[in-house]
Structures are given as structure tokens and as C-alpha cells.
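I have placed the structure first, in the form of C-alpha cells, so that the comments after it can refer back to it.
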Amino acid sequence: MDAESGGYGLIEQGAAVLGGGRIIWVGQEAALPAEYTTLPRHDLGGRLVTPGLVDCHTHIVFGGDRAREFEMRLEGASYEQIARAGGGILSSVRATREADEQALLASALPRVDTLLAEGVTTIEIKSGYGLDVESELKMLRVARRIGELRKVTVRTTWLAAHALPPEYKDDRAGYIRDVVIAGMERGHAEGLIDAVDGFCEGIAFSRDEMAGIFDHAARLGLPVKLHAEQLSDLGGAAMAAQHGALSADHLEWLGQDGIDAMAVSGTVAVLLPGAFYTLRETQYPPMQALRDAGVRIALATDCNPGTSPMTSLLLTMNMGATLFRMTPTECLTGVTRHAAAALGLSDRGVIAPGLRADLAVWDIQHPAELTYRIGFNPLHTRFVGGELV
Ligand SMILES: N=CN[C@@H](CCC(=O)O)C(=O)O
Ligand SMILES: [Zn+2]
């Protein structure tokens with residue numbers, strides 16, 4: 001990092017050596033060690049290269065859409081009112097339960113491809129619209145298939161604690177036992193789960209319920225993360241941090257206790273400006289206090305049918321800057337290094353020897369252009385695991 005590059009760590013006239021899916025060497029082309037000078041070359045024409053982008057919070061696999069809910073909100077209904085009336089997440093649950101794996105895959109792929117076309121090379125995909133064991137596992141199988149078909153890294157997250165389905169409306173404990181925990185065990189045994197998440201909110205699960213679910217995840221050796229403090233302050237982020245959570249996400253209502261706990265545990269703050277924008281929220285995440293405490297901040301699309309029907313990580317960066325006053329450097333770090341950390345991945349997000357050769361090549365001169373433009377995609381090429389895509 002240096003002052004001139006604005007903290008990006010830019011290398012002018014740079015070159016990188018890739019091999020075995022990894023970055024072997026990076027530096028100025030003039031300093032390329034002699035042993036590499038005879039290797040086949042890709043001339044990138046002086047373009048800017050960044051790490052491949054990481055979208056660390058998505059619900060990109062789902063059935064149906066929520067365009068009617070969008071209209072209802074414009075007519076004055078709130079997200080909570082719609083949820084309490086059986087709409088919101090539960091309407092996506094009905095459509096997701098009805099869809100088979102093929103249909104879910106077919107509807108998700110165009111959304112995924114839109115992300116990839118903007119330089120994304122790693123995507124997190126949550127369950128959470130099935131809310132029964134079979135439907136939740138179905139979502140995660142589709143997520144894994146997306147990774148195989150598109151040759152990108154997909155990290156899967158068990159989000160059965162997203163909402164209470166109607167058949168369990170008088171039996172919260174039964175839902176947690178029979179679906180959230182029993183399904184977690186099965187999904188873990190089948191190798192379908194990389195992390196466990198939940199929605200800690202008045203319309204979803206309490207802090208104590210989530211703590212019990214996280215204790216179970218810990219027994220299985222699964223890392224945890226949490227939708228916390230989106231609509232109210234239930235102290236979810238602090239509880240998640242005490243469980244060593246990889247990330248706490250949303251965080252509009254996060255208080256100082258939560259910030260302090262996240263700083264101690266190294267929990268990444270994942271901000272989701274798409275949901276903030278769509279819900280026309282007025283409560284801002286505590287950017288400066290997070291910075292002051294040294295909490296790492298990531299950005300993600302939160303692509304979902306209700307609160308963030310968005311498939312652009314570049315627009316997310318612009319929103320992070322315009323809505324949350326993040327600097328362009330913070331926005332880029334937020335979709336690379338810190339986003340990788342939010343997924344527990346230490347092998348990507350930076351261009352450095354030994355790390356995965358996931359790279360995005362852009363037709364721009366300066367990295368701030370990625371954040372500054374709106375609706376413009378300057379991606380030239382991606383390298384995924386060292387392969388030119
Ligand atoms: N906040 C909870 N879950 C999703 C929204 C899901 C939905 O409304 O379908 C989110 O991250 O914003
Ligand atoms: Zn979410």
C-alpha cells in the first residue's frame with residue numbers, strides 16, 4: 001500500500017505469474033525473474049487487474065418473484081406488515097417448495113451469470129426459502145450445481161432459521177429441533193453446508209434461539225454468521241461475535257456494544273446497501289464507529305427476491321459509497337479481501353503469491369472508477385483458478 005495509489009496497493013506496469021491455479025509471483029514487469037520470462041504470456045494491454053470479486057451474501061436461488069410485494073410497499077405497506085400477513089419470505093417459500101431442482105437452477109443461472117459478468121469469481125448462496133429439510137437441502141444442491149456448471153467457488157450457507165413456516169406457527173421449538181438442527185446435521189453429513197446463518201429479528205428468530213442454533217453448529221464444527229440489527233437492535237451481532245461469527249450482516253441498528261464485540265472477535269461487518277435502498281431505510285449502519293473500532297467492512301448484493309432484487313456488485317459498491325459514505329478503496333476492499341474474510345476464505349481477495357489466481361481484468365485506468373460509475377460494466381476478462389474465462 002502507498003499513498004499515491006490511494007491505499008489500493010496499485011502496481012504500475014505490473015505482471016503476474018500464474019500456475020497450478022495459484023498466483024506464483026506478482027510485481028513490476030521489469031522485475032520479472034528470469035526463470036519466468038519464457039512462459040506463455042497474456043498481454044492485458046495495460047488494463048487494470050483486481051482480485052476476482054467476492055459476493056459474500058446472496059439468496060440467489062429461489063422460486064417465483066416478489067414484484068407484487070414491491071408494488072404493495074409502494075402503496076404504503078411495510079416489509080414487516082407484509083411478512084406478518086404471510087407474504088414476504090413466506091411467499092418465496094411457497095414458490096421455492098413448488099419448484100424442482102431443474103427449475104430453481106434455470107431461474108438462478110441468469111442472475112448468477114449477471115454477477116459473473118461483472119468480475120465475480122466467488123459467490124455465497126444461502127438456503128432459507130425452503131423451511132423444510134428437503135426443500136432447504138434442494139436449494140443447497142442447486143447452489144453446489146451452480147458452482148460446478150459455472151466453474152466458480154460457491155460457498156453454501158444453511159439459513160433454515162430465516163422465518164417460521166406456517167405449519168410450525170405454534171411450535172417454534174419444534175421447528176428449530178426438527179428442521180433447523182436436524183436439517184443442519186443432514187446437510188453437514190452430505191457435505192452441503194459451509195456455514196450456518198439465521199435472521200435475528202422480531203419477525204424471525206430471537207437472540208436466544210439463534211444462540212442455541214449456533215451452539216449446535218459449533219458442535220458440528222460449522223462456522224456461523226448472522227442477519228443482525230437490520231430492523232431493530234436485538235443484540236444479535238454481539239451474540240454472534242461471542243460465538244466467533246465470521247460475519248454479522250445488515251447492521252443498520254448496530255450499537256456500540258455490538259461494534260466492540262465484533263472488533264474483539266474479528267467478525268466482519270457485511271453491509272447490504274441494496275436492501276437498505278429497496279426498503280427505503282432511514283437508519284444508517286454506523287460506518288464511522290465501525291471504522292474507529294477497526295472492524296473489517298464488506299459489501300454484498302444480498303441478491304434476494306424481496307428486499308434486494310439486485311444482481312450487480314458494482315452497483316452495490318456505488319451504493320456503499322453514495323449511501324454509506326464508504327471510500328472507493330473501502331468499497332473495493334469490501335468486495336475482495338473483506339468479503340473473502342466474511343466467508344472464512346484466506347486464500348483469495350488479494351493479488352499475492354500463494355493465493356488463488358482469481359482475477360478480474362478491467363477496461364479502466366483507476367480502481368475508483370469501479371465505484372464511481374453507475375450502470376456501466378467495464379469488465380474485460382476474468383481468470384478463475386488461473387484459467388482465462
Ligand atoms: N433479512 C432477511 N433476509 C433477506 C430478505 C429475504 C426476503 O425478504 O426474502 C435479506 O437478507 O435481506
Ligand atoms: Zn440476507
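A Cβ is built for glycine as well, from the same backbone N, Cα and C atoms used for every other residue.
Positions annotated as Fe(3+) binding site by TrEMBL: HIS57, HIS59, HIS227, ASP302. Non-local neighbourhood of HIS59 (Fe(3+) binding site): ILE125, LYS126, GLY128, TYR129, LEU159, ASP302, CYS303, ASN304, PRO305, each in the same chain, at least six residues away, with C-beta under 8 Å from its C-beta. According to its DSSP assignment, HIS59 (Fe(3+) binding site) is coil.
TrEMBL lists HIS57, HIS59, HIS227, ASP302 with the feature Zn(2+) binding site. Classification of HIS227 (Fe(3+) binding site) by DSSP places it within a strand. Counting Cβ atoms from all protein chains shown, HIS227 (Fe(3+) binding site) has 32 others lying within 10 Å of its own Cβ.
Here GLN230 (4-imidazolone-5-propanoate binding site) comes close to GLU201, HIS250, LEU251, GLU252, TRP253, ALA275: these same-chain residues lie at least six apart in sequence, with C-beta atoms under 8 angstroms from its C-beta. The feature 4-imidazolone-5-propanoate binding site is assigned by TrEMBL to ARG66, TYR129, HIS162, GLN230, THR307.
Annotation source TrEMBL lists N-formimidoyl-L-glutamate binding site at TYR129, ASN304, GLY306. Proximity of GLY306 (N-formimidoyl-L-glutamate binding site) to non-local residues of its own chain (separation of 6 or more, Cβ distance below 8 Å) is seen for ARG66, GLU69, TYR79, GLY88, ILE89, SER92, given in sequence order.
The domain 'Amidohydrolase-related' feature in TrEMBL is assigned to 48-367.
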Seminar exercise, completed: Excluding its own, the Cβ atoms lying within 10 Å of the Cβ of ASP302 (Fe(3+) binding site) add up to 30
Problem set entry | Those binding-site residues in HIS57, ARG66, TYR129, THR307 whose CB falls under 6 A of ligand 1, listed in sequence order | THR307
Exercise. Out of HIS57, ARG66, HIS162, which has the highest number of nearby Cβ atoms, where nearby means within 10 Å of its Cβ, if these are the binding-site residues?
Worked result: HIS57
Exercise. Are any of the binding-site residues HIS162, ASP302, GLY306, THR307 near ligand 2, with a Cβ under 6 Å from it, and if so which?
Worked result: ASP302
Problem set entry | Residues flanking the Fe(3+) site, with Cβ no more than 8 Å from the Cβ centroid of HIS57, HIS59, HIS227, ASP302 and excluding those residues themselves | THR58, LYS126, ASP249, HIS250, LEU272, ALA275, ALA300, CYS303, ASN304, SER308
Seminar exercise, completed: Students should find that the Cα atoms of HIS57 (Fe(3+) binding site) and THR307 (4-imidazolone-5-propanoate binding site) sit apart, in Å rounded to an integer, by 13
Exercise. Relative to the Cβ of THR307 (4-imidazolone-5-propanoate binding site), which residues of the same chain, six or more apart in sequence, are found under 8 Å away?
Worked result: TYR79, GLY274, ALA275, THR278, LEU279
